[in-house]
Amino acid sequence: MGSLSCSIIHLVLILQLQTFFVFSQNIRNGSVPVGESLTASESQQISSSWRSPSGDFAFGFRKIQPNDGFTLSIWFDKISDKTIVWHAQAVNTTTGLVPNGSKVTLTADGGLVIADPRGQELWRALSGGSVSRGRFTDDGNFVLFRDGSEDSDEVLWSSFENPTDTLLPNQNIEVGRNLSSRRTETSFKKGRFSLRLEDDGNLQLHSLNAETASESDIYSQYYESNTNDPNNPGIQLVFNQSGEIYVLQRNNSRFVVKDRDPDFSIAAPFYISTGFLLSTIIPKEARRIVGGCLLGLCRDNMCSPDDALGNMACGYNNICSLGNNKRPKCECPERFVLKDPSNEYGDCLPDFEMQTCRPENQTANSDVNLYEFITLEKTNWPFGDYESYANYDEERCKASCLSDCLCAAVIFGTNRDLKCWKKKFPLSHGERSPRGDSDTFIKVRNRSIADVPVTGNRAKKLDWLIIACSVLLGTSAFVIFDTSCSYRKTKKSKNMMKNQARDIGRTTATTTANELNLRVFTYGELAEATRDFTEELGRGAFGIVYKGYLEVAGGSEVTVAVKKLDRLDLDNEKEFKNEVKVIGQIHHKNLVRLIGFCNEGQSQMIVYEFLPQGTLANFLFRRPRPSWEDRKNIAVAIARGILYLHEECSEQIIHCDIKPQNILLDEYYTPRISDFGLAKLLLMNQTYTLTNIRGTKGYVAPEWFRNSPITSKVDVYSYGVMLLEIVCCKKAVDLEDNVILINWAYDCFRQGRLEDLTEDDSEAMNDMETVERYVKIAIWCIQEEHGMRPNMRNVTQMLEGVIQVFDPPNPSPYSTFTWSDESLSSDPVSLV
């Protein structure tokens, strides 16, 4: 849920005064003839542009972030921030951005048309028409005219009639139109706030569902003009040159939303709203900034909620307070970090393992010393309490939470009522106020007893022993073995245990692991369990996986998988530590579970749960093909698992080696992602990581070969390849047919031959609509330009049919890389 747009809706007012500077023009007096074009260029942050006659505004491609694509925009060109006031919102990509080399052309039949470097159309202003020319006006409006005179007012399209998140003077909002916020300052996806002139003439400001941003999925209403009288409804929201904003009604009466502004008398101010329609006056001279509430739409306290639905100004577990000019400020509590560091208004995640109520964990959880409270004075979370008590003092209130595994926080009323409210995670509508009469106490794991997963520089300073202990303390969900498990031990293993006990650090780790149902094994124990490593299950880039049998309490045996790292070198050491650290922190039904590990001398092994149905590769590449329904369910489940790694862990995790051989199936054919040996933790305060090339041929994203920053989009690429394998039941690289699957799949899609991908698969042939959707999603995922790939949340939503899937462009328009016969192998390798 929820991120508040850094810029809810911009309302920009300009006083047009004569300018004293003449700027170079790409077009003559704002007139753009048919055939003119602009190209997005990596060589400069702002590509070539067309300027309005005064030079106040520019039109062209803008690159917002170094590693992202471009957006077609209109912006202020005479201020240093180059503030964008319009952007092509309906770009036919999942990210809303277009790649380097894309071109916008003014055409006779489509008006403004964006095409990628291969000529694939990404967006157009008109579905049809006969455009004679375009004109870029001094008030920031780009207008397309029909054949004939401009004076005839035969306007086919204009940016003013298709607003995005900004309203300029002389720009009006018609019935049924709306302004929509951006997700963040640097994200051009639709945000969750909308200012709309409804069909009944009522002007309303809404908060929308953050996931869908749909106008039909309204959470909160902040304002309405009540101009919905059936006899005299509002017909237009007018914004004039005097700074006056009003709803024009049918009988020409005005409902004034904002009076004329006296500040319009100063030299050419720009009004830019941020936060909840709060204005900032930025003169062209940029010497001063003046703020205030715009439109009268602001409440006295925008942090104060009016209903329990949605999460208002700040995300879950985030605290809202009012700063200067009544602007909402959001801040994560101590021991919490932003889910998206670029969005201060978003959700906050705990940096510790939260208490659970699983029966097997109650012994540990019952120790109240494991937890403590952080205190947030004059802070309240008004919704979501599940129990309340009257006449409790503060200590009794906190004690009731410590002994309750459901309780995440308590709110204690400091007024005369002395009331205590218990809350569960996530906490919503957090508000801090100097006049608040409540204190919040959030329950966190006690640092003095157990280290917790951390982010930032502190994590880098922890040595391996401390990391291991903290990981073990974070894995109470892995309950395959009870601390009372008794293992058969040979005399050799007993002696090894005695020797091991002399190592204080190893003893500490073992004790910690046993307390939390995770085991530190000796080499002898695992050698006995695997019958001296005789039954091989599979091989990876750095190790071999063996089948093993461990005796548990009662004399029964449990089957396990033991991964033995077969070479001891720096990379192996790094892989071993990464795998234990990463898997020990996560628990999700589509991720493999860790049981324990061995780190004895030069022997490094990891013990997993055993999944009886083997790998997805064995499941897919067999005859007869698995059922189409099973394959669809597996595709969605794997996407959810990767989404969890990328967005829902306390630290973002990049797997780096997604492929069918690393997907295991349980007895119900539920997929679980395994082999995190190549995983890289991407700390929450970073945007990318540079690393050695890792992965498996056929699944490796192009940026690995270009010494480019590695982001979570490498997993998206690998998933796209695997999704094609799931659809076709063919390997990414087929040596027998000498076929590269991604090339063949795109050719079939481009030529309308999708049935070739599912030949002899009657079940899939009867569901070609889903087949086509999955193939299009896969092609989006394998785009060579990583900025064109969707994130895994978008992928999951597309798989589930929640969001539309547009036709993808050629995924490899620039690629000169070819697989040699020698390299046509799907064996796991480490690419250097």
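Yeah, the Cβs are placed from backbone N, Cα and C, and that goes for glycine too.
The feature domain 'Bulb-type lectin' is assigned by Swiss-Prot to 37-157. Under the heading domain 'EGF-like', Swiss-Prot lists 299-349. Swiss-Prot lists CYS303-CYS320, CYS314-CYS330, CYS332-CYS348, CYS397-CYS420, CYS401-CYS407 with the feature disulfide bond, giving sequence analysis as the kind of evidence. If you look up Swiss-Prot, you'll see 357-446 marked as domain 'PAN'. Residues or ranges marked as transmembrane segment in Swiss-Prot (evidence: sequence analysis): 462-482. If you look up Swiss-Prot, you'll see 483-832 marked as topological domain 'Cytoplasmic', on the strength of sequence analysis. The region 'CaM-binding' annotation in Swiss-Prot covers 622-638, and the record cites similarity to another entry as its basis. According to Swiss-Prot, the active site, proton acceptor annotation covers ASP657.
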Integer average pLDDT (0 to 100) for the domain 'Bulb-type lectin' (37-157):
82
Tally of helix, strand and coil residues over the region 'CaM-binding' (622-638) according to DSSP?
11 helix, 0 strand, 6 coil
Please identify, among the recorded positions CYS320, CYS330, ASP657, the one with the smallest Cα-Cα distance to CYS397 (disulfide bond).
CYS320
Please report the number of other Cβ atoms within 10 Å of the Cβ of CYS320 (disulfide bond).
26
Going by DSSP assignments with H, G and I as helix and E and B as strand, what are the residue counts for the domain 'PAN' (357-446)?
19 helix, 33 strand, 38 coil
How many of the residues that make up the domain 'Bulb-type lectin' (37-157) does DSSP mark as helix, as strand and as coil?
3 helix, 56 strand, 62 coil
Distance, CYS330 (disulfide bond) to CYS348 (disulfide bond) (CA atoms, angstrom):
10
Highest Cβ count within 10 Å among the disulfide-bonded residues CYS314, CYS330, CYS397, CYS420: which residue is it?
CYS314
Between ASP657 (active site, proton acceptor) and CYS330 (disulfide bond), find the distance joining the two CA atoms and give it rounded to the nearest Å.
37
Distance from CYS401 (disulfide bond) back to CYS420 (disulfide bond), taken between C-alpha atoms, in Å:
10
